[in-house]
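Each remark here refers to the structure printed beneath this line.
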């Protein structure tokens, strides 16, 4: 009997754990929307302007929220604190919640302070953000209604035989994502600001943690480099690179900021021709395309670089799925990359790839070898050699 009772207890514990797990995932959107709420109310900026710590009362005043609604904000902040977006402290000597509770920035929320916050404020503002790139435009773009709403139709889209050629985004919005970006000025601005913000952070990490990747390179082409944000970070960090070209579609490079030091811009189609250089760089490019198109892009890359003995290589900054589970943080990153895979599938029928899928593309395009360097974040650096 004792054994049966223990077995029953184990079953109950397992059921309750499964129940908790399902609720956690089913309500995952609430976490995204709590984050969006904090961005809408400019909470990170307010904390930064208050010197890195702000009371609930200060957040209420800055957000123009009525004191009668203070408990709503307290509960949102409690959730975001549990998510480690913010930190919180409590002064037991103060009875009023608005004065007793104060909130601080964490490494995550420091990334959400707008780029203008610290410089706009007078003395006393936190200076930590001056060396921390803001990814506020990127995160704000990811939690827009237009971004999230299309996921409601994923199941029905998968049943459609045309899904292989028509993305979920196009099915829902009657227009492909790239066309929407170009046809809508507000959407275009949001998209490029989002990409630039992400690029500043990723490239800061790349040039600091993996400088060896750029050793010996005298000429570089950033393929699909947009407005030159990634290339600018490279030439600033590595002055030995004598020639750096940003290649993208003509209408994209036409919007590049004028006078970017050390860069030239080339309008063209990467499926047709890529300018020659010692090395090529592709950041978040190949995950937008199916395998056949990736092979074609890599074939053009191979034509554009010299042999391995001359230092020729392709530098890919992208995700490698399922490659890191050495500790808890790496395991979380691994799970998050699978979510990113569904995100990119929904928008452009793209894919994040496992190492064997990357290898298949490289070999099919005529490359002989590659080396993967993992970062502590989502992207990895893949050096591909002819």
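We number each residue from 1, going along the chain as drawn.
Glycine is treated like the rest: Cβ placed from N, Cα and C.
Over in Swiss-Prot, the protein carries these features:
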{"type": "ACT_SITE", "residues": "287", "note": "active site, proton acceptor"}
{"type": "BINDING", "residues": "224, 248, 270, 283", "note": "S-adenosyl-L-methionine binding site"}
Checklist entry - How long is the line from the C-alpha of residue 248 (S-adenosyl-L-methionine binding site) to the C-alpha of residue 287 (active site, proton acceptor), rounded to the nearest angstrom? => result 16
Checklist outcome for this item: CB neighbours within 10 A of residue 270 (S-adenosyl-L-methionine binding site), counting all protein chains shown, number 22
Checklist entry - For residue 248 (S-adenosyl-L-methionine binding site), what is the secondary structure state per DSSP, taken as helix, strand or coil? => result strand
Checklist entry - Here are some recorded positions: 283, 287. Which one has the most Cβ atoms within 10 Å of its Cβ? => result 283
Checklist outcome for this item: Densest Cβ environment (other Cβ within 10 Å) across the binding-site residues 224, 248 belongs to 248
Checklist entry - Excluding 224, 248, 270, 283 themselves, which residues in that chain have a Cβ inside 8 Å of the centre of the Cβ atoms defining the S-adenosyl-L-methionine site? => result 222, 223, 225, 226, 247, 282, 285
Checklist outcome for this item: Among 224, 248, 270, 283, the record's S-adenosyl-L-methionine-binding residues, the widest C-alpha separation in angstrom comes to 14
Item to check | Rounded Cα-Cα span from residue 287 (active site, proton acceptor) to residue 224 (S-adenosyl-L-methionine binding site), Å | outcome: 12
Checklist entry - Under a three-state reduction of DSSP output, how is residue 287 (active site, proton acceptor) classified: helix, strand, or coil? => result helix
Item to check | Cα-to-Cα gap, the residue listed as 'active site, proton acceptor' vs residue 270 (S-adenosyl-L-methionine binding site), nearest whole Å | outcome: 15
Checklist entry - Reduced to three states, what secondary structure does DSSP give residue 224 (S-adenosyl-L-methionine binding site)? => result coil
